[in-house]
Amino acid sequence: MMAATAAAQVRAGTRWAPALCRMPWLPLMLVAAAAATSEQQVPLVLWSSDRGLWAPAADTHEGHITSDMQLSTYLDPALELGPRNVLLFLQDKLSIEDFTAYGGVFGNKQDSAFSNLENALDLAPSSLVLPAVDWYAISTLTTYLQEKLGASPLHVDLATLQELKLNASIPALLLIRLPYTASSGLMAPKEVLMGNDEVIGQVLSTLKSEDIPYTAALTAVRPSRVARDVAMVTGGLGRQLLQRTVVPPTMNVPVSYNDSYDTRILFWAQNFSVAYGEHWEDLTSRTFGVQDLNLTGSFWNDTVARLVLTYDSLFGTMVTFKFILANSYYSVSARHWFTLENLEIHSNGSVAYFNASQVTGPSIYSFHCEHVSSENEDGNLLVPDTQPSLWQMTFRDFQIQAFNVTDKKFSYASDCAGFFSPGIWMGLLTSLFMLFIFTYGLHMILSLKTMDRFDDHKGPTITLTQIV
């Protein structure tokens, strides 16, 4: 009997194989179905009785889909620092459009199908709403919570919850299933959502009466509505209808030397790097914004200023940088000009000198340059006295002012950019070429002359005798 059954199965398999070969479109259908499944998104609403668990989501604008990796970055702070009791309200179907269609989005709170949920979000110290979460991330959410909490999910209803004795120090994962229209017969979607909202309200009231801290999440297994095609707007390419918070770039705080009266010297750079031999060190974080920066030896008066920066452990020894500036009056321009005469590096009793006389400007201004470096490819504004030098220095967005500092701010900057830059030369040459063409054409027009003599056909004709 078993042999006959096996033989029948083998014969059936031989019949199915040619049939599958006659359907080459079947793999394409499977791939399309898998792609459609991967594009399904559902909302995720998180709230907790503890505060400060979530920062505002940076990419929850229109079209962004939260992946499983991004979701873990949102959940980890709540699971590691928040309450140990986690509630997961899981519906069969839910879409972000349900909140728009049945929620009190226009101020009509009495007609909202999510009154208890809205009240919980308003009162929660921490909350986070993710409009679109990838279906795969939601499908593995229960397993992820179980691994992070170290507790098996417990399927409960309202009656079971009232009998449970939860402890704030013992982790617990409570799973509450909520129905939707697919399992509610002839009930309208709004009525089902209102019933689910009542269940959420009763569960939260039970926890509140027992004074149990918790973290809750509301999501669904699959979306209730067919999502429109967002393939062209994922990853931040879509129109962002809501204003996004723009994080300003971090700016280094300038180094300031103050005497007993006021701020005298200001020094700033976006990047400050120094090299000894082939080894480079970035001193930006050790220089700007440092409260205990060693400025011992700095000096200032009306004609000479010296800014001294000392680092205790740089390349295994103490290294000191000295910026020496001079302020002089020039009768030709009838104003004072400052010059960074030298930049000195003191280390192990030796001194390396760099000529920086190109760092100059009117003393009422500061000096700014995109690159101030001892390397040739960056302009070579710092020229070492000895070649080759073991020391190399590079400043990016360099700015310094040692005279006429007011209100602890840089004055107007005299930039190192030359007037005859490549772009300016291109514009000048093009303009001169077009001017030459215009001048040549005008000269040709002015040189045109009309004939003042014409052939008179009434006069005697000219006869040419042919000589053979």
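A Cβ is built for glycine as well, from the same backbone N, Cα and C atoms used for every other residue.
For Cys369, the partner cysteine in a disulfide bond according to Swiss-Prot, taken from Cys21, Cys416, is Cys416. DSSP assigns Asn294 (N-linked glycosylation site) to a strand in the three-state reduction. Checked against Asn301 (N-linked glycosylation site), the recorded positions Asn167, Asn271, Asn294, Cys369, Asn404 differ in C-alpha distance, with Asn404 being the nearest. If you compare Cα positions, Cys416 (disulfide bond) sits closest to Asn404 out of the glycosylation sites Asn167, Asn258, Asn294, Asn404.
Local packing around the Cβ, expressed as the count of other Cβ atoms within 10 angstroms, is greatest for Cys369 among the disulfide-bonded residues Cys369, Cys416. Regional average pLDDT for the topological domain 'Cytoplasmic' (439-468) in the model is 74. All chains included, 11 other C-beta atoms sit within 10 angstroms of the C-beta of Asn301 (N-linked glycosylation site).
A simple way to gauge crowding: the CB of Asn404 (N-linked glycosylation site) has 16 other CB atoms within 10 angstroms, across all the protein chains here.
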